[in-house]
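Data first, discussion second: the structure below is written as structure tokens.
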Ligand code: AMP
Ligand code: MG
């Protein structure tokens, strides 16, 4: 535990030390997007299972241009033909349909002349033309995905093709969100003077889902010590990670730290040498992580991206996102003591600030495609200076 502000990397290192990968469980393939495999997937059979046609056309033996073939049957997708194809014969065939016995090539519909029950080949039909061989994609017994793979749409598709309906994956991280503040009203509610809509509760849920988490609760609580403690007690029951916004500074109505300490959550750090996001708090209790993010909407988003999202990824066994390199398109003033995350638009690898950078100015976040990290220091960082970029979306 330390009261001295850490820098961004120092705070991330403290968090990483407390991230243990969650246990795995079988997950239905249609729930597995974004999860990480905890087993190898092996093909149950050949894919494709049989030789089949790559085109709509006619299956036959290799024949010279001008050959006239008698149509003796049809093979449709899912309905193979029983007919054995002899020389001078053809079976009408659809894309993906199994090749009938005897036939080893397919003349596409576009290169035959059809009349009644015959077709004439306009071009020579060569051996294996337009035929997909059994096992061309996967062979029975092939390892198609290794343990540790992150499941995207293609990985899920190939697991299904390999015969799987469920996959053993590191389970989705469960997140509870708590927004604090007497001034906050639900989306759409009318506002009295001094009130504002609670945007963080919704935005933080969206960010948690974008990082692959399951949001198990989202609650608003006023600036009251007992109510704050009750909200955290509830959140800690169901969640692996609790993310709170607001009430984490030193004001007389900021109850987050006191409530968490009261519940036995151990503080690992409070304050990061960062703008926006200085008052960020991090602690844990029995392996459950708690993040107290500042209430200003941009501060909450920036600190979620820097600290919460990497933790959610690590708990789910996902690799860390890498930053990318760019250069400043314009000169940007530096903060003497804090590294600053500036909302930027990136054009041809050059980063330009999106406008006013106050931590309450969410509109300049909506114009941004990345955060540029401006290291602390005197004066300004000149146009052309190399900088690190953090993507706003995973
Ligand atoms: P706090 O961190 O509680 O001192 O709040 C700092 C600023 O952020 C105040 O202006 C709050 O009104 C604003 N704020 C706090 N929570 C939210 C929220 N959930 N949604 C939008 N703004 C908020
Ligand atoms: Mg507040």
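One is the number of the first residue shown, and numbering goes on along the chain from there.
Each residue, glycine too, has its Cβ placed from N, Cα and C.
Taken verbatim from TrEMBL:
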- 176-314: domain 'MoaB/Mog' (DOMAIN)
Over the domain 'MoaB/Mog' (176-314) the mean pLDDT stands at 98
DSSP assigns the residues of the domain 'MoaB/Mog' (176-314) as 51 helix, 41 strand, 47 coil
